[in-house]
Amino acid sequence: MSRVTLSRYLIEQTRSNNTPADLRFLIEVVARACKEISHHVSKGALGGVLGSMGTENVQGEVQKKLDVISNDILLEANEWGGHLAGMASEEMDNAYQIPGKYPKGAYLLVFDPLDGSSNIDVNVSVGTIFSVLRCPNQYLSQNESLNEEAFLQPGTEQVAAGYAIYGPQTMLILTLGNGVKGFTLDRELGSFVLTHENIQVPATTAEFAINMSNQRHWEAPVQRYVGELLAGETGPLKKNYNMRWIASMVADVHRILTRGGLFMYPRDAREPSKPGKLRLMYEANPMSFIIEQAGGASTNGYDRILDIKPESLHQRVSVILGSKEEVERVTAYHKE
């Protein structure tokens with residue numbers, strides 16, 4: 001039986017589910033960019049790509065060399081194809097305008113070019129997260145300048161989302177709104193090949209992922225829930241739990257997607273003005289879309305992540321996602 005490549009899968013989606021051809025081409029271009037990023041990541045010290053740039057991004061985070069390299073790869077791969085009206089990235093203050101010499105398309109691409117990049121120097125899995133939105137009609141004119149407002153759409157408006165994880169294997173996880181598929185990079189073929197047909201998050205779990213060093217800063221509902229997890233079979237939940245924390249959202253969510261679990265990055269008291277650490281547009285929204293399409297759930301403790309109307313491009317949000325029953329439990333604690 002012949003293997004199904006990403007290209008074949010997308011063509012079949014165009015035939016059977018009316019996936020627009022432009023969206024198909026866009027996903028293929030993003031996948032090619034991820035292959036190039038994977039190549040740079042795998043070189044490590046041999047490629048001279050480790051270490052920091054000595055600069056900061058809009059979030060005030062130190063930029064790693066690979067952050068900037070990955071960002072440039074995604075921009076250069078996608079700007080000329082005619083599928084996009086604009087792009088936005090964790091590494092850029094403002095929306096990226098498609099140069100006037102290239103045709104504009106109907107979609108917007110939002111991405112975190114290298115999530116978990118603080119782990120690069122210690123050889124821990126990192127990844128690229130992306131989200132695709134339709135561009136509002138008023139910005140589709142070739143001469144119309146794109147601004148931040150075009151991107152400020154709730155996660156329910158995403159037409160596709162995915163991430164590439166650069167680990168022992170390079171994988172691409174993708175949803176077009178009809179389930180979640182996993183593709184593994186076959187380096188001999190140079191193609192992503194379908195290896196995970198219908199990914200589902202188990203409804204219950206015995207694992208959770210959270211940075212326990214921040215426990216003293218959490219709000220009471222999170223303190224209560226994690227306390228119950230730690231109490232194990234002698235506590236109210238009557239079973240033992242294991243904690244896993246990689247400090248790379250892609251790596252933590254990928255584990256939860258494949259074997260169940262709960263990922264939490266809650267609001268804490270150190271910066272009361274900030275509702276969370278993770279960015280809504282290019283981290284929480286695409287990951288929440290993927291998790292929901294796999295049968296899981298995602299909230300900020302009170303509301304469904306995908307229903308939140310963004311107010312700014314780099315807006316932060318608290319995130320609780322994963323196995324549905326556990327997400328519903330901790331969300332209920334917030335509402336008591």
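These residue numbers are counts, starting from 1, taken along the chain as shown.
Backbone N, Cα and C define each Cβ position, glycine as well.
Over in Swiss-Prot, the protein carries these features:
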- Glu90, Asp112, Leu114: Mg(2+) 1 binding site (BINDING)
- Asp112, Asp115, Glu283: Mg(2+) 2 binding site (BINDING)
- Asp115, Gly116, Ser117, Ser118, Asn211, Lys277: substrate binding site (BINDING)
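Structure with Swiss-Prot features highlighted.
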{"residue": "Glu90", "record": "Mg(2+) 1 binding site", "Cβ neighbours (10 Å)": "25"}
{"residue": "Asp112", "record": "Mg(2+) 1 binding site", "Cβ neighbours (10 Å)": "29"}
{"residue": "Leu114", "record": "Mg(2+) 1 binding site", "Cβ neighbours (10 Å)": "33"}
{"residue": "Asp115", "record": "Mg(2+) 2 binding site", "Cβ neighbours (10 Å)": "29"}
{"residue": "Gly116", "record": "substrate binding site", "Cβ neighbours (10 Å)": "21"}
{"residue": "Ser117", "record": "substrate binding site", "Cβ neighbours (10 Å)": "25"}
{"residue": "Ser118", "record": "substrate binding site", "Cβ neighbours (10 Å)": "17"}
{"residue": "Asn211", "record": "substrate binding site", "Cβ neighbours (10 Å)": "15"}
{"residue": "Lys277", "record": "substrate binding site", "Cβ neighbours (10 Å)": "19"}
{"residue": "Glu283", "record": "Mg(2+) 2 binding site", "Cβ neighbours (10 Å)": "27"}
Rounded Cα-Cα span from Glu283 (Mg(2+) 2 binding site) to Lys277 (substrate binding site), Å:
10
Round to the nearest Å and give the CA-to-CA distance linking Gly116 (substrate binding site) with Glu283 (Mg(2+) 2 binding site).
11
Enumerate the residues of the same chain, Asp112, Asp115, Glu283 excluded, that satisfy the criterion Cβ within 8 A of the mean position of the Cβ atoms of the recorded Mg(2+) 2 site; list them in sequence order.
Glu90, Phe111, Gly116, Gly127, Thr128, Ile129, Tyr163, Met249, Val250, Leu278, Arg279, Tyr282
Nearest of the binding-site residues (Ser118, Asn211, Glu283) to Asp112 (Mg(2+) 1 binding site) - Cα to Cα:
Glu283
